[in-house]
């Protein structure tokens with residue numbers, strides 16, 4: 001198994017090549033940069049770079065794992081469109097990993113916590129975890145003040161942005177963004193364990209923002 | 001005629017609400033598959049960018065597969081990938097460009113980020129063969145209204161004029177709403193107008209005779225709104241066919257007049273009309289009449305090729321490859337306002 005992992009559902013653009021080794025996972029190469037406006041420009045060169053640095057060719061890849069969000073939609077779709085087309089062209093399997101799960105996994109925590117990412121519009125995407133590998137329930141989108149943290153520590157970019165609302169030090173929010181090395185390691189582990197991963201489909205959690213128009217605006221000033 | 005010695009170009013288009021994938025060799029069209037999200041936008045009266053972007057992501061790889069199947073080729077047969085890099089909706093463009101980069105990377109084939117507007121002109125080659133040089137191109141759609149001087153599709157396209165406000169197709173959509181006709185407004189207005197008298201109401205011709213090749217349709221739309229409101233206030237029934245015909249006449253009168261003037265001024269004997277509004281029957285008829293009178297040869301692709309599609313992007317890609325231009329890099333950026341004088345985005 002040689003797995004290409006990447007995620008674009010946060011301000012970070014991150015890619016890695018991973019493989020199972022013994023009981024563990026080896027990350028052959030990884031790259032990350034934070035630039036919320038350039039996902040479309042950075043991802044493909046990033047993938048090319050990690051594949052080259054891992055000493056492999058595109059044709060050697062056997063699996064793709066892609067972050068399915070939730071996260072800002074335009075960036076999220078860069079990763080998914082890339083994953084779908086790569087998998088189709090290479091004829092290999094493509095799986096999804098919730099971006100928040102990758103952040104939680106990278107935290108390495110062994111006790112309960114909450115992970116929260118920035119959902120924009122003064123909201124966060126969030127979920128509770130028993131430990132780094134175990135999410136409890138579904139991911140939700142709420143205003144920070146409405147998140148029931150149960151007094152647990154909160155990690156992720158959402159925790160950093162709203163540290164005052166969550167009543168904790170912003171410095172304790174690490175890791176802020178997903179890292180493809182962690183996402184890939186999580187995916188390899190699950191696949192080796194024979195567990196199912198989500199379909200590579202976007203977690204939007206919100207409907208498109210659009211309003212049906214009313215009657216056309218009048219152009220004449222009506223006489224009283 | 002078989003052209004198997006020419007490169008096989010895969011074209012991907014996602015600048016607005018159509019996910020288009022086409023396969024082309026030279027001027028030969030092998031397949032042209034389109035998945036449209038237009039029905040999802042109808043109740044909003046216009047394209048909702050987020051709705052369009054979501055639909056592109058769902059449709060992209062299945063549409064590529066359909067295009068390959070229809071052409072009877074495999075992905076590994078593709079020699080180069082062309083994709084719309086702009087102009088268009090940012091989030092929508094990014095889906096197509098991301099997929100195109102992934103195909104290029106996986107297949108080890110060159111990527112060409114090309115111009116949507118020039119693609120609308122290039123597509124005519126798939127129906128009528130190589131474009132005469134030079135040609136004046138009138139591009140009319142829901143998002144664009146431009147007059148171009150095309151000396152070479154890959155390397156020499158000049159913008160002569162553009163709309164200063166609404167695109168022609170946008171004016172059709174807005175007037176259709178005023179007349180309680182469905183979205184998109186082009187086809188229902190065209191149909192209603194056939195029963196109406198275009199001379200019954202004289203609507204203004206924006207930027208008529210102003211010495212430029214620019215267009216304006218916002219004032220026309222407001223004039224129609226005033227006329228309809230006045231009729232309603234006075235309790236007169238609105239004669240939809242007459243209003244539609246008079247509005248349509250004002251649009252196509254200015255479009256064709258300025259396009260013919262551009263041919264005359266630049267000594268050009270060939271004109272192409274393309275874009276979604278080129279499917280309009282009155283525009284075709286009046287353009288044919290005026291071109292014939294001016295000794296200009298008019299080419300209009302069939303309606304299916306006039307609206308957004310992937311074949312037009314593949315057709316331009318074939319031109320760019322034939323011209324020996326360098327491929328785009330993998331860090332190619334989308335450009336929502338890519339100027340028409342850059343057929344290849346970079």
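If you go along the chain as it appears here, the first residue is 1 and each next one adds 1.
Each Cβ is built from the backbone N, Cα and C atoms, and glycine gets one as well.
Among B:261, B:308, the residue that TrEMBL places alongside B:116, B:120 at the Fe cation binding site is B:308.
Per TrEMBL, substrate is bound by B:139, B:140, B:141, B:142, B:143, B:186, B:190, B:280; the candidate from B:124, B:152, B:156, B:173 named for the same site is B:173. Each residue in B:13, B:15, B:16, B:84, B:117, B:119, B:141, B:144, B:275, B:309, B:312, B:313 lies on the same chain as B:116, B:120, B:308 and has a C-beta within 8 Å of the C-beta centroid of that Fe cation site, without being one of the site residues.
For the binding-site residues given as B:141, B:280, the lowest number of other CB atoms within 10 Å of the residue's CB is seen at B:141. Of all the binding-site residues listed (B:116, B:120), B:120 sits in the most crowded Cβ setting, with the most other Cβ atoms within 10 Å. Inclusion criterion for the binding-site residues B:143, B:186, B:280: a C-alpha placed within 10 angstroms of the C-alpha of residue B:120 (Fe cation binding site); this criterion is met by none of them. Residue B:116 (Fe cation binding site) is 20 Å away from residue B:280 (substrate binding site) when you measure Cα to Cα. On the backbone, the CA of residue B:141 (substrate binding site) and the CA of residue B:308 (Fe cation binding site) stand 9 Å apart. A strand conformation is recorded for residue B:139 (substrate binding site) in the three-state DSSP classification. Counted over every protein chain shown, other Cβ atoms within 10 Å are most numerous around B:186 among the binding-site residues B:143, B:186.
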